[in-house]
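J.: What Swiss-Prot shows for this protein is this:
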BINDING   GLY10, LYS11, GLY12, GLY13, ILE14, GLY15, LYS16, SER17  ATP binding site
BINDING   CYS98, CYS133  [4Fe-4S] cluster binding site
MOD_RES   ARG101  ADP-ribosylarginine
Amino acid sequence: MAMRQCAIYGKGGIGKSTTTQNLVAALAELGKKVMIVGCDPKADSTRLILHSKAQNTIMEMAAEAGTVEDLELEDVLKTGYGDIKCVESGGPEPGVGCAGRGVITAINFLEEKAAYEDDLDFVFYDVLGDVVCGGFAMPIRENKAQEIYVVCSGEMMAMYAANNISKGIVKYANSGSVRLGGLICNSRNTDREDELIMALADKLGSQMIHFVPRDNVVQRAEIRRMTVIEYDPAAKQADEYRTLAKKIVENKKLVIPTPISMDELEALLMEFGIMDEEDMTIVGKTAAEEPAFCSL
């Protein structure tokens with residue numbers, strides 16, 4: 001099969017890296033050849049695959065060597081669980097330079113060194129936060145990733161980020177082949193969460209490709225720097241990631257999304273009872289200004 005390049009986006013702290021690493025571990029279990037490219041200065045996109053605190057990054061090693069041209073592929077590419085190939089782009093020191101530049105440098109380096117020509121089935125880009133700048137949007141902008149998956153939850157800001165990312169996809173979809181593959185709901189146990197994300201996906205013209213329930217086994221595995229697939233392969237949560245992997249392998253629904261307005265998003269939250277219409281009357285009011293509090 002032809003190599004598929006996928007990027008995982010989502011609100012910061014939503015669980016992108018954990019979801020991505022468990023997903024690729026499940027893909028490896030299916031016999032797929034996979035590479036993860038971490039596009040985050042924290043360099044935590046591969047730690048569960050490599051059982052390490054953080055992988056040495058391309059930007060760090062380039063700084064030590066002099067320039068990125070002084071590096072060889074074997075210097076930066078490591079192999080972990082399930083023969084998954086791992087690369088971290090890295091970034092500058094906090095407060096110095098553009099972290100998005102590290103993503104651009106890393107992807108260009110991997111292409112120049114023919115890293116993608118090793119009979120790979122999948123490349124996954126695990127990307128920092130929202131589409132915050134041109135550097136982090138590179139997998140979309142430069143047509144590196146054809147499939148975008150957004151990790152979200154039933155929380156308003158996670159849904160807001162998913163909608164924003166969809167806007168970024170639309171911006172570049174007409175000039176390239178980038179498409180939205182679906183929303184991955186990484187549950188936060190909010191009310192009617194699966195229904196809400198399915199409704200959001202429908203408004204975006206896409207799908208909720210899988211609902212990943214919340215389970216403490218994920219944290220237990222992370223403490224050991226392992227995926228659930230490796231740590232406890234018999235766990236129900238491991239089967240959830242296996243199901244997600246199979247759905248992505250079989251996914252044919254790749255669309256140019258139809259983002260919605262903030263008003264439409266709030267209306268959706270009201271429809272599902274997450275936000276009450278009356279709440280709009282208390283926006284900007286302090287506790288002292290609210291009658292309910294004044295009477296206490």
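Just so you know, glycine gets a Cβ as well, placed from its N, Cα and C.
In the displayed structure, how are the listed features positioned relative to their neighbours?
T.: Within 10 Å of the C-beta of LYS11 (ATP binding site) we count 22 further C-beta atoms, all protein chains included.
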J.: Taking the Cα atoms as reference points, how far is GLY12 (ATP binding site) from ARG101 (ADP-ribosylarginine) in Å?
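T.: The Cα atom of GLY12 (ATP binding site) is 19 Å away from the Cα atom of ARG101 (ADP-ribosylarginine).
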J.: Rounded to an integer, what is the Cα-Cα distance in Å between LYS16 (ATP binding site) and ARG101 (ADP-ribosylarginine)?
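T.: The Cα atom of LYS16 (ATP binding site) is 20 Å away from the Cα atom of ARG101 (ADP-ribosylarginine).
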